[in-house]
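According to Swiss-Prot, the feature disulfide bond maps to Cys162-Cys176. Annotated N-linked glycosylation site per Swiss-Prot: Asn109, Asn175, Asn191, in sequence order. The region 'Disordered' annotation in Swiss-Prot covers 393-414. Among the features that Swiss-Prot reports, region 'HA-stretch' is placed at 419-455, with the record citing similarity to another entry. Per Swiss-Prot, the feature signal peptide maps to 1-23. What Swiss-Prot lists as topological domain 'Extracellular' is 24-246, 298-307, and the listing cites similarity to another entry. Here Swiss-Prot flags 274-278, 327-460 as topological domain 'Cytoplasmic', drawing on similarity to another entry. Residues or ranges marked as transmembrane segment by Swiss-Prot on the basis of sequence analysis: 247-273, 279-297, 308-326, 461-480.
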Amino acid sequence: MPLCIPQVLLALFLSVLIAQGEGSRRRATQAHSTTQPALLRLSDHLLANYKKGVRPVRDWRKPTLVSIDVIMYAILNVDEKNQVLTTYIWYRQFWTDEFLQWTPEDFDNVTKLSIPTDSIWVPDILINEFVDVGKSPSIPYVYVHHQGEVQNYKPLQLVTACSLDIYNFPFDVQNCSLTFTSWLHTIQDINISLWRTPEEVRSDKSIFINQGEWELLGVFTKFQEFSIETSNSYAEMKFYVVIRRRPLFYAVSLLLPSIFLMVVDIVGFCLPPDSGERVSFKITLLLGYSVFLIIVSDTLPATAIGTPLIGVYFVVCMALLVISLAETIFIVQLVHKQDLQRPVPDWLRHLVLDRIAWLLCLGEQPMAHRPPATFQANKTDDCSAMGNHCSHVGSPQDLEKTSRSRDSPLPPPREASLAVRGLLQELSSIRHSLEKRDEMREVARDWLRVGYVLDRLLFRIYLLAVLAYSITLVTLWSIWHYS
């Protein structure tokens, strides 16, 4: 019995020492917990045993829903030749991480925390149309809410492929798609949804820089599933960026100069058709238009799969100028007939000076209907004229009597008759020359009348062709611009 009392006292003493040690450790722990910041304690609590290589769900059968959102900020470049669109967007991702949840009361009522992106699991959402790495700023943090919702906000410069249709340039509207999808996970693992409503996404232009060449019409969305293999389906969200080019600059620098040159070409028809200045004027105008096309060639978009309609317009305008020059050369050659040119045929005279002149309301064209002067008629007239003159001269005997009565030296009668005949032949030749000159002048006047009527006809046909072509293009461009 005396031996048991010391043992009991020793046991009590040891118990007191152990209790004091545990209390000291508890107080030290509480003091340390009170001095450590809540954010640091929360970060250590969340990332202590976190495995970022595992999809953050407690039930592996449950897919991770990733909600995405896109806000268009700027259209940086549209490369028609390489079919590349460069944009700048604000991209937002939302998903639930079941391993990043806590009770706010345990951590000084902290409801959200920013942690490094490299420390947690992030869905592998990529854009299928990527063709180059843009100069996007790096955002190394994400926001985590106490329910486990992760918010990943980052600006992106996207260099994506786009099928650009430049046929309607400069009144073209482009529709480029941005397809967001998981590169590895099927729809059973990662599903994609839209964070906002499609109407809100389509009409959101709150941060868009609207001072450039392109105008944002809207961003349309579409969700779909696609499968590479029959057993694997993938979720993807498409954003269709619809933009329209502002055509004012191109209308002023491309269309107006071409229109002015065509108007000057039409006004050039007011020059007289028998003037050689019209040909030189048309050639100068054609050379000026060629220089204009060389200058604007770098402004037009170039692709290997198509040509814009405005390029066809320039080619047709060049062809019209060439046709106008050819018509001018034809008319000038027609009204400048040479001396040996045949008279206007009767069928051409009737067709042009009667029918076409009446059709064009040019009034009645005077025509010279004169019978052709034949060599036989001229010969008869010459002989009769010579005969009459010879009858007045008389016979050689009369000439001899007259010479004797006057007592003056005269040439022999035969020589006098030959001189008179030579003089009459010279007069007849002069008369034939004058008649021939008048006939050639009349032929030239006839060809001038024909050329004038044909010039008016070709001018009106040319004017109708230019107006019809211009009205067609203006109508098409107006429909494309306001559709």
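Positions of Cβ are set from backbone N, Cα and C atoms, glycine also.
Distribution of Swiss-Prot features across the structure.
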{"residue": "Asn109", "record": "N-linked glycosylation site", "Cβ neighbours (10 Å)": "10"}
{"residue": "Cys162", "record": "disulfide bond", "Cβ neighbours (10 Å)": "23"}
{"residue": "Asn175", "record": "N-linked glycosylation site", "Cβ neighbours (10 Å)": "14"}
{"residue": "Cys176", "record": "disulfide bond", "Cβ neighbours (10 Å)": "22"}
{"residue": "Asn191", "record": "N-linked glycosylation site", "Cβ neighbours (10 Å)": "19"}
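Remote same-chain partners of the topological domain 'Extracellular' (298-307), defined as residues 6 or more beyond its termini with a Cβ less than 8 Å from a stretch Cβ, comprise 80-81, 83, 164-167, 169, 250, 253-254. Across the structure, Asn191 (N-linked glycosylation site) and Cys162 (disulfide bond) place their CA atoms 25 angstrom apart.
Non-local neighbours of the transmembrane segment (247-273) in the same chain are 169-171, 213, 281-282, 285, 288-289, 292, 296, 299-300, 310, 313-314, 317, 320-321, 324, 328, 331-332, 335, 448, 451-452, 455, 459, 462-463, 466, 470, 477, 481; each lies 6+ residues outside the stretch with a CB under 8 Å from one of its CB atoms. When the region 'HA-stretch' (419-455) is classified with DSSP, helix, strand and coil residues number 37 helix, 0 strand, 0 coil.
Each residue contributes its Cα atom, and for Cys162 (disulfide bond) and Asn109 (N-linked glycosylation site) these two points are 48 Å apart. Using a Cβ-Cβ cut-off under 8 Å and counting only residues 6 or more beyond its ends in the same chain, the topological domain 'Cytoplasmic' (274-278) has close neighbours at 268, 328, 332, 335-336, 448, 451. Model confidence over the region 'HA-stretch' (419-455) stands at 78, taken as the mean pLDDT rounded to a whole number.
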